[in-house]
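The DNA-binding region annotation in Swiss-Prot covers 481-500, and the record cites sequence analysis as its basis. Swiss-Prot lists 215-222, 278-287 with the feature ATP binding site. Under the heading domain 'Sigma-54 factor interaction', Swiss-Prot lists 187-416, citing sequence analysis as support. The 4-aspartylphosphate annotation in Swiss-Prot covers 57.
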């Protein structure tokens, strides 16, 4: 068997038929799998010494979420270094990155593997991988035929990446015009909700607008901020992060605007604030809704006039900073109740973005699970970490109230449990390793705090009740004191004092 002109023409036609890049890539590898009669095919993008799957056929869905580092996958490293067709012998000692990831063949090792590096000029931009359970599957195809396939795929991938670069406005005025692949932001997901969010990020990134990023706790608002900064002309300058909820009122102004020597007790030298550090760059203010009204007024002045004043200094400093703010609160409601300034809200929300909760992202759960499995594999020095079909279904059926952060913790916990019950360096995650309805769900049954131990008097009963209420609020809000205070409808400072009196904190 060999490639006919008709087969090669068919591959080229498929690359033109797709509506978008993703569709074209999927058509390409599906066609290749059929033509080569192999068990699995994948198109990978190369960036920062790792391969990122763009399209797969015949592989488990979570492969799309995995990131294959060269250091962790010697076969892919060999493909990256070769510069030509790579054929791995059936008895190769090098582990295949897809071992255990071919549906229906989870317990078997891949036998035949061919790798085709893809180039744009002299730059490695990706690879095609072809795998089969039959050892001699690819022997009937010559290297020259496989090079033709690689050339077609490389052309399609190069064009797609160049268009992506131009659409994201990464080809800045005054740049050399040299092709430079856009760096990945780890925003993994192909669901309609995530696709829409990525489009909105591309639209706003190239502008200089302030952006308000909303979404539940654990959805990945910081990743959105990083993606906006990375796609902006300010990307060559710093992205400075500040968690407003972690700021004590006494030092919040100094953290934002800096201070001069002697401004207050302990100010032994001049110190720049976050705005100065972010000059000509971007400042990301996480949990912006936790700022006091007094600080909100000072922040508004910076957004209006671009001037800051260090604590203890009469002089003003000019700064050029783009502000990205994030919150899990409904700031419109906060404005109505007087807890957030309406003028600041309107300044920040010129282009609002909303990060969807994980329960609305469908199969993205499996992609993210694959990403976290690969992270655990590298961190723990394991040869492979894979999800069983039952585990995938289990993850898809769960509601994920803690969103992506909860999924990450659940995967890490499951790997540790599975590793403890299985000898060797290969881990297969089963549904029972998660036990999500009981063990991982962050909100305990509502009646749990009612089953209190018998107490001698009213005061002791009241204190026990308060302790349990605070513990539950903290558990439900990822130990975020500000969010827990809101849930309990009390002031965060009062909550800290009460917790200290009840012995819940030092």
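Glycine is treated like the rest: Cβ placed from N, Cα and C.
In this structure, the residue listed as '4-aspartylphosphate' is part of a beta strand by DSSP. Remark: secondary structure over the DNA-binding region (481-500) totals 16 helix, 0 strand, 4 coil, with classes taken from DSSP. Ranked by Cβ neighbours within 10 A across all protein chains shown, the binding-site residues 215, 218 are led by 218.
Counting every protein chain shown, the number of other Cβ atoms lying within 10 Å of the Cβ of the residue listed as '4-aspartylphosphate' is 19. The Cβ of residue 282 (ATP binding site) lies under 8 Å from the Cβ of 225, 228, 229, 232, 234, 237, 238, 239, 240, 321, 322, 323, 324, each of these being in the same chain and 6 or more residues away along the sequence.
Taking the Cα atom of each, residue 218 (ATP binding site) and the residue listed as '4-aspartylphosphate' are about 31 angstrom apart. On the 0 to 100 pLDDT scale, the domain 'Sigma-54 factor interaction' (187-416) averages 91 in the predicted structure. Cβ neighbours within 10 Å of residue 221 (ATP binding site), excluding its own Cβ and spanning all shown chains: 24.
Rounded to a whole number, the distance between the Cα atoms of residue 57 (4-aspartylphosphate) and residue 215 (ATP binding site) is 33 Å. Contacts of residue 279 (ATP binding site) defined by a Cβ separation under 8 A and a same-chain sequence distance of 6+ are given as 237, 319, 320, 321, in order along the sequence.
Annotated pair the residue listed as '4-aspartylphosphate' and residue 221 (ATP binding site), C-alpha to C-alpha distance, rounded: 31 Å. Following the DSSP three-state reduction, the secondary structure of residue 279 (ATP binding site) is coil. Within the same chain, residues at least 6 positions away in sequence whose Cβ sits under 8 Å from that of residue 285 (ATP binding site) are 242, 244, 291, 323, 324, 325, 326. According to DSSP, residue 221 (ATP binding site) is assigned to a helical segment.
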